[in-house]
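Chemist: Input: one structure, supplied below.
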Amino acid sequence: MSDGVGVILVAAGRGERAGISTEGPKQYRRIGGRAVLAHTLDAFRSHPAVGAIVLVVHPDDQTLCEAALGAAMEAVHLVTGGAERQVSVRRGLERLAALNDAPEIVLVHDAVRPFVDRATIDRVIEAVRADNGGGGGGAIPAMPIADTIKRAAADGTIAGTVSRSGLYGAQTPQGFHLDAIRAAHAAAAESGRSDFTDDASIAEWAGARVVLVEGAADNVKLTTREDIARADAKLKDRHPMIDVRTGNGYDVHRLVPGDHVTLCGVRIAHDQALDGHSDADVGLHALTDALLATCGAGDIGDHFPPSDPQWRGMASHVFVERAVAIVAEKGGRIMNADVSLICEAPKIAPHREAMRAKIAAITGLAMDRVSVKATTNEQLGFLGRREGIAAIATASVVYGEAQ
Ligand SMILES: Nc1ccn([C@@H]2O[C@H](COP(=O)(O)OP(=O)(O)OP(=O)(O)O)[C@@H](O)[C@H]2O)c(=O)n1
Ligand SMILES: C[C@](O)(CO)[C@H](O)COP(=O)(O)O
């Protein structure tokens, strides 16, 4: 059993109350430039106590999900949800329990609560760990009701005023011991119940002791179109906090007799070849350094030492792919890549679009975020004498969007 806390993110709903959007159901709507689901996932991925994350999605949403999460898909175990939230959670629990290192504690969270903060997650985990209900108890974050509560009659008039004393609004993540909540869900399903709107009510129904911990006013569930617009506006206000970084890279390789060069991933027939340990693709080498520079991750030589025989003759897209993965691990999102090639020959223009397409494919960037340029060195110096080819690259990456 794993020490890490497991997380189930339920994202299989249709978002009917939020209405139809070309971006898909509300968990895929963009707030602050990224899908709601991507923000929510970041909140848990960045929490040190969190281990396995199961993401429950609708069977029709696989493509939307991949587009929303990109490389972060690797961080989740994907499972298909059901027609009710309760069924989706149950499938997530079964997937989590089937993992080799299944956790003891699980947090169940709505994918559409993207503003969950670390302190709330901590309070829930702490309360479940401290459970003195014989190991079967749980904890949920909740906020006291601030408004006066009215019961409405069928004609829209007030049928009564309900005392708000002791009333709380339940939030997620809701935390439980995995075995206990699995058993409670199974028992509820067996007795034909599928109307529970949260997991605490299933635990309560099964006789477990569930405690309330302090929730957070910001931890709202995005339910309506207005909720999504407000969330987007809130993140736009935060934009000054976003950490945009620029990195640059330079590389040069000697030209020797040969029959082709490889530049920005494209093989070009030529009367010379670039000499190097790998395929000597100066364009991709400079880009690798530019990406690594945005997060202080050293340079290409640190990650792929020329002394290491495994990189001999290696196609350089492997180096860029590693740099892209390092940027993603550090929470970065690449915004653009720009490579300038400096050579007298071969002519770059006929190959420029193919080079941009290669870089776009390797980095996951759209074509209009990738630029390849070329210049001669006006026959000056070693580049001008065709003794080598050089490249300069620049990349911009946004970090810390989840804060
Ligand atoms: N069959 C379902 C229904 C809901 N959810 C998830 O449960 C969370 C909370 O549900 P809710 O806000 O009600 O989402 P929807 O069911 O999508 O919304 P609506 O009721 O407006 O259609 C959401 O993250 C939603 O994707 C789910 O995984 N499976
Ligand atoms: C789980 C929940 O978010 C707790 O407040 C809520 O019950 C979900 O309800 P919904 O009807 O599925 O939106």
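The first residue you see is number 1, and the count goes up from there.
The backbone N, Cα and C atoms fix where each Cβ goes, glycine too.
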Chemist: Can you tell which of HIS270, HIS277, HIS285, HIS303 TrEMBL lists as binding divalent metal cation with ASP251, HIS253?
Modeler: HIS285
Chemist: Counting only residues 6+ away in sequence within the same chain, which have a CB under 8 Å from the CB of ARG164 (site 'Positions MEP for the nucleophilic attack')?
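Modeler: ARG164 (site 'Positions MEP for the nucleophilic attack') has long-range Cβ partners PRO144, ILE145, ASP147, THR148, ILE149.
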Chemist: Measuring CA to CA, name the entry from the recorded positions ARG17, LYS26, ASP251, HIS285 that ends up nearest ASN377 (4-CDP-2-C-methyl-D-erythritol 2-phosphate binding site).
Modeler: ASP251
Chemist: For the recorded positions listed here (ARG17, HIS253, HIS277, HIS285), which one has the lowest count of neighbouring CB atoms within 10 Å of its own CB?
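Modeler: Among the recorded positions ARG17, HIS253, HIS277, HIS285, the lowest count of other Cβ atoms within 10 Å belongs to ARG17.
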Chemist: Summarise the model confidence on the domain '2-C-methyl-D-erythritol 2,4-cyclodiphosphate synthase' (245-397) as a single mean pLDDT, whole number.
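Modeler: Mean pLDDT across the domain '2-C-methyl-D-erythritol 2,4-cyclodiphosphate synthase' (245-397) comes out at 96.
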Chemist: Cβ neighbours within 10 Å, counted over all protein chains: which one of the recorded positions SER278, THR375, THR376, ASN377 has the most?
Modeler: SER278
Chemist: Could you tell me which of the recorded positions ARG164, HIS253, SER278, PHE382 have their C-beta within a distance under 6 angstroms of some atom of ligand 1?
Modeler: none
Chemist: Can you see whether DSSP assigns THR375 (4-CDP-2-C-methyl-D-erythritol 2-phosphate binding site) to helix, strand or coil?
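Modeler: SS state of THR375 (4-CDP-2-C-methyl-D-erythritol 2-phosphate binding site) = strand.
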